[in-house]
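Right, I'll just put the structure down here and ask away after.
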Amino acid sequence: MATSMGLLLLLLLLLTQPGAGTGADTEAVVCVGTACYTAHSGKLSAAEAQNHCNQNGGNLATVKSKEEAQHVQRVLAQLLRREAALTARMSKFWIGLQREKGKCLDPSLPLKGFSWVGGGEDTPYSNWHKELRNSCISKRCVSLLLDLSQPLLPSRLPKWSEGPCGSPGSPGSNIEGFVCKFSFKGMCRPLALGGPGQVTYTTPFQTTSSSLEAVPFASAANVACGEGDKDETQSHYFLCKEKAPDVFDWGSSGPLCVSPKYGCNFNNGGCHQDCFEGGDGSFLCGCRPGFRLLDDLVTCASRNPCSSSPCRGGATCVLGPHGKNYTCRCPQGYQLDSSQLDCVDVDECQDSPCAQECVNTPGGFRCECWVGYEPGGPGEGACQDVDECALGRSPCAQGCTNTDGSFHCSCEEGYVLAGEDGTQCQDVDECVGPGGPLCDSLCFNTQGSFHCGCLPGWVLAPNGVSCTMGPVSLGPPSGPPDEEDKGEKEGSTVPRAATASPTRGPEGTPKATPTTSRPSLSSDAPITSAPLKMLAPSGSPGVWREPSIHHATAASGPQEPAGGDSSVATQNNDGTDGQKLLLFYILGTVVAILLLLALALGLLVYRKRRAKREEKKEKKPQNAADSYSWVPERAESRAMENQYSPTPGTDC
């Protein structure tokens, strides 16, 4: 007996040692089922709060069901009754729901991508305060939001609020504390006192209390009997132990602190149900019909072992033979865990029951098809290919080819695939291809094709690509050429050294650029669509006409000139003379234009100089002498005569 008492005292000393994380004190505790919840006040970050719970053997609290949310609300209500009035009207208390840095929001899940720090399976229960922000760049933590201006009612459970997790010294806005959770194998009933006394429980998570509804396994109880007189005080020490599977008690027999002075009048003698007094002041505990007295001689238990609901979660209690024992049974899709009291989900997808994709769900599973497949109908396979190229469904601009589980797009000749998803078609500009223009002279790009053309005085060869010198006439043709002229025109050839090879400019217009002539394309030149209608060169040489444009066609080979050798020589001489005559007319026209320009320029210079002289003359400054003029000079004798000659008829 002394050895047992020594071990109990040693256990009490170990349990009462102060733990790490003393930045917050346990203010309230609620134990129910197989878990205890503790509420703490203190402005700590989420990491500091988790460290405090963890060093005492627990984690920040989980809230996986409405029932568990009510337990957490009860312990917070106890804390608020003991705590002084908080300054903030809206207060927050950390719980164990967090999302790590780099993990993004998932709106399709009840927990939105968050997870419980204590582990375990996610449940569909959630109680978010508002829509969450999609942020992946920092760690986010969840707290319970309490409106202290309103009473805590079971119908108004605390909302979940997510935000930054805080740091030491800066826990976050309105953070007032946190809630811890500690899980146990089972619970003992509170010790019953049959007389005056006090019981103090010390839990494994270093909480002391005298008013626990259930006492967790491995807790110690210190019972002090008496009414306060030290001479009459007696102490008893007990430990909550597991007597049998899922059976926990203190190992005591009968009520504690019993006194003949009170009998059954004090706390019903400490009996669970009935108390029967003897004639000498003693009493005994009894049970009602359908119940039996347990070994502690105080507690009553139903004769039906399932009446105490030993099975947890979704497990159902099933009586054994003669009703003396029981087993727990799980619904379909679940199986018993290692304790044989609770149920866990069966992962049916491990057996690969689906043709393609299997998604495990609580209590079951569902089959899904890969992208590009859809569920088949009756009599068809589980998943069948989706024909993306079907009428009205094709995503391609032109050609669409369906494949098993996918598709690919194609374009007609003259187009290439374009767009981010490769479903659009873009025209190929053959006139600016990497190999240079396909035409010898002018090139015109069209949607899906191109056309070739020639400068005035040149005609498109039968291959639709090269240009040959056209016939030259001194005057406009009087009528359509006869068959012989046509033959000569088609058969004439002109050797080319360095000619102007026009190509398409950046605006899509033909642009002539000097290039070295090259031989005409062979008979395997590309064949293009219908030619663009344009006027053939006609009229006097040296005058610009609309280029002769034809579409490139396949030529059967080099054409033989009609007639014999003499015909070929004649045609060559005619072509040379025509070319010289054309050059003569061009040079003459250029010289005439230059002479006219020189004459106009000389006339313009002359008129400008004359205008300047007149303007200078008009602006010449005047002086005083300009107002006088010289008198005509007379002979001196004539003047003397006029002055001294006597007047006629006088002596003077």
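Even glycines carry a Cβ here, placed using N, Cα and C.
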Under Swiss-Prot's annotation, the disulfide partner of C452 is which of C439, C467?
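Among C439, C467, the cysteine that Swiss-Prot links to C452 by a disulfide bond is C439.
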From the candidates C317, C343, select the one that Swiss-Prot records as forming a disulfide bond with C330.
C343
Among Y237, Y326, Y373, Y628, which is annotated phosphotyrosine in Swiss-Prot?
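Cross-referencing Y237, Y326, Y373, Y628 with Swiss-Prot, phosphotyrosine lands on Y628.
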Which range, 53-72, 113-132, 553-572, does Swiss-Prot list as region 'Disordered'?
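Checked against Swiss-Prot: region 'Disordered' maps to 553-572.
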Just to confirm what the record says: which one of Y334, Y644 has phosphotyrosine annotated in Swiss-Prot?
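Per Swiss-Prot, phosphotyrosine applies to Y644.
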With C367 as one half of a disulfide in Swiss-Prot, pick the other half from C354, C369.
C354
Filter the disulfide-bonded residues C328, C358, C425, C452, C454 down to the ones within 10 angstroms of C287 (disulfide bond), Cα to Cα, kept in sequence order.
none
Which of C367, C411 has the fewest nearby Cβ atoms, counting only those within 10 Å, among these disulfide-bonded residues?
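Relative to the other disulfide-bonded residues in C367, C411, C367 has the fewest Cβ atoms within 10 Å.
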Work out how many Å separate C354 (disulfide bond) and C425 (disulfide bond) at their Cα atoms, rounded off.
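Given the Cα positions, C354 (disulfide bond) is 39 Å from C425 (disulfide bond).
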Measure from the CA atom of C306 (disulfide bond) to the CA atom of C300 (disulfide bond) and give the result in Å, rounded to a whole number.
14
State the mean pLDDT for the topological domain 'Cytoplasmic' (602-652).
63
Taking helix as H, G and I and strand as E and B in DSSP, count the residues of the domain 'C-type lectin' (32-174) in helix, strand and coil.
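Summed by class, the stretch gives 27 helix, 39 strand, 77 coil.
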Let me know how many other Cβ atoms fall within 10 Å of the Cβ of C311 (disulfide bond).
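I get 22 for this one.
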Among the disulfide-bonded residues C306, C367, C369, C409, C431, C452, whose Cα is within 10 A of the Cα of C358 (disulfide bond)?
C367, C369
Between C369 (disulfide bond) and C452 (disulfide bond), what C-alpha distance do you get in Å?
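One finds 54 Å between the Cα atoms of these residues.
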